[in-house]
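What TrEMBL says about this one:
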DOMAIN    7-37  domain '4Fe-4S ferredoxin-type'
BINDING   Cys17, Cys20, Cys23, Cys58  [4Fe-4S] cluster 1 binding site
BINDING   Cys27, Cys48, Cys51, Cys54  [4Fe-4S] cluster 2 binding site
DOMAIN    38-68  domain '4Fe-4S ferredoxin-type'
Amino acid sequence: MRSLLLPEFTISRSDSCDRCRACEHQCSFGVHTYDASQDMMISDNYRCAGCQRCAVFCPKGAIEIRPTPSFYRPNASWSRERIEDIKRQAETGGVILTGCGSDKPFRIYWDHILLNASQVTNPSIDPLREPMELRTFLGSKPESLSLSDMEAGTDPVLTLETPMLFSAMSYGAISYNAFQALAIAASRSGTFFNTGEGGMPAEMRSQFKEHTIVQVASGRFGIDAEYLNSGAAVEIKIGQGAKPGIGGHLPGEKVSQHVAATRMIPEGTDAISPAPHHDIYSIEDLEMLISAIKEVTNYEKPVIVKVAAVHNISAIASGIVRAGADIIAIDGMRGGTGAAPKAIRDNVGIPIELAVSSVDRRLRDEGIRERCSIIAGGGIRCSADVVKAIALGADAVYIGTAALIAMGCTLCQRCYTGRCSWGICTQDPGLMRRLNVEEAAQRLVNLLSAWSHEIKEMLGGMGINAIESLRGNRDQLRGIGLHEWELDVLGIKGAGE
Ligand code: SF4
Ligand code: SF4
């Protein structure tokens, strides 16, 4: 069937092109070819994913990729996206898959929240001259400590040198090189990376144990007692911000021999994660799984429960804390994904800003906030977002998409194809080699370092010298351009008040 879609991108090539064919070699989607009969490069706009790999690597700077200027007659009801989704589904009869977080223009609350700074009284602090503490402890903490408690020992906690962790990205969804880079960067930065649901390659376990969070998801891939003990914490993944309420599907083409061995499944078979955990249908069931994991890890590791931010998230969080979780990770609707149905990604869930604030306030109201730390993820784009998330009640944040961008991702949203030009979201050995592990790790370390410096600057400006003092400190925030109900949910005043 001939496609009736317009190409998404238009590629133009300037006269400076000397037909070196670098673009042909760089493009993993087969856009560029050399036509010997005409001695010229030609491009197939229809194949272009807009990943920009060719434009970056063209030695002559000859390539320009733009959104295609062709358009359908403007219609307020029928946007180009709606028209083309229908055409696409009429051609395939299938669900439209996509990757990355939602690109829809939902309100990004971070951009409607302003930070405070000290003036005159409570002077600001210069982080270059005075100590500034970003060390963060995640886990269940006692309301108070007596000498006998200290002798008996307290619950295990994760210690982070900076309040940022890399969020779950599984080996299989991302390449071995990307997975390794995250592990190396986490260990060098004094924080943690998360295996996601794909298991932990055996050869990496001893080296990165102290900086790994191992995940247990509904597919239960690669899970045994040794795996559960191969990290510093265990995360039970109930939901993901990009696709709340549905499972996952890693196509067989991405299940290489090594991915298969790590996931404990046959090579080349689809790895399907069911929507629910088949042993969790109530808070009591969750409590039993948390207890079982604590038992098998000798009560030495905090247990995290990760959920997607959905409508009644504060009540859900309350149940999770009462089920014995030490840390709750909340993933907002702008969180990334390797593959998700577009209809789910763009229509299900709520933004992390609203979710984290309502959970923090509910747990405080119920007097159980100290029993559980909160990690906020799904939409953290910069150091200011980190500061605002913590002031809204998070203890720390997960960063995923920002980490991928640091490694070279251009948000082309084609992760589900397995053809990532940047070697991040692929199992193709040739493409994977494009990602230099050491360089990618250094980029990640640099990103965390840069953000940590900026966080210290912002804290110092507020006259705060420890990140702990910022947690839930909504007095440092003001809303701008928000409705009354939004200010209420966030628990902040409007600017000028
Ligand atoms: S990489 Fe640039 S110079 Fe080389 S063939 Fe492609 S467009 Fe021409
Ligand atoms: S990881 Fe690769 S395929 Fe996925 S959005 Fe980024 S550049 Fe595109």
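Glycine residues also receive a Cβ, built from the backbone N, Cα and C atoms like all the rest.
Structure with TrEMBL features highlighted.
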residue	record	DSSP (3 states)
Cys17	[4Fe-4S] cluster 1 binding site	coil
Cys23	[4Fe-4S] cluster 1 binding site	helix
Cys48	[4Fe-4S] cluster 2 binding site	coil
Cys54	[4Fe-4S] cluster 2 binding site	helix
Given the domain '4Fe-4S ferredoxin-type' (7-37), its same-chain partners at Cβ distance under 8 Å and 6+ residues beyond its ends are 43-51, 53-54, 57-70, 414, 419-421, 426, 428, 431
Return the residue, from the listed binding-site residues Cys17, Cys27, with the maximum count of other C-beta atoms within 10 angstroms of its C-beta.
-> Cys27
Could you name the residues, excluding Cys17, Cys20, Cys23, Cys58, of the same chain that surround the [4Fe-4S] cluster 1 site, i.e. Cβ within 8 Å of the Cβ centre of those residues, in sequence order?
-> Arg13, Asp18, Arg19, Arg21, Ala22, His32, Met41, Cys54, Pro59, Lys60, Ala62, Ile63
Within the same chain, the residues at least 6 apart in sequence whose Cβ is under 8 angstroms from that of Cys48 ([4Fe-4S] cluster 2 binding site) are Pro7, Glu8, Phe9, Ile11, Phe29, Val31, Ile65
For ligand 2, pick out the binding-site residues Cys20, Cys27, Cys48 that have a CB under 6 angstroms away from one of its atoms.
-> none
Can you count the other CB atoms that lie within 10 A of the CB of Cys54 ([4Fe-4S] cluster 2 binding site)?
-> 25
Neighbouring CB atoms within 10 angstroms of the CB of Cys51 ([4Fe-4S] cluster 2 binding site), all protein chains considered, total 26
Just the binding-site residues from Cys17, Cys20, Cys23, Cys27 whose C-beta lies under 6 Å from any atom of ligand 1, please, or none if there are none.
-> Cys17, Cys20, Cys23
Of the binding-site residues listed as Cys17, Cys20, Cys23, the one whose CA lies nearest the CA of Cys51 ([4Fe-4S] cluster 2 binding site) | Cys23
Using the Cβ centroid of Cys27, Cys48, Cys51, Cys54 as the reference point for the [4Fe-4S] cluster 2 site, which residues of the same chain not in that list have Cβ within 8 Å?
-> Ile11, Cys23, Gln26, Ser28, Phe29, Val31, His32, Ala49, Gly50, Gln52, Arg53, Ala55, Ile65, Ser421
Quick one, of the binding-site residues Cys20, Cys23, Cys58, which Cβ has the fewest other Cβ within 10 Å?
-> Cys20
Measuring Cα to Cα, how many angstrom lie between Cys27 ([4Fe-4S] cluster 2 binding site) and Cys20 ([4Fe-4S] cluster 1 binding site)?
-> 14
Inter-residue Cα distance where the pair is Cys20 ([4Fe-4S] cluster 1 binding site) and Cys54 ([4Fe-4S] cluster 2 binding site), in Å | 12
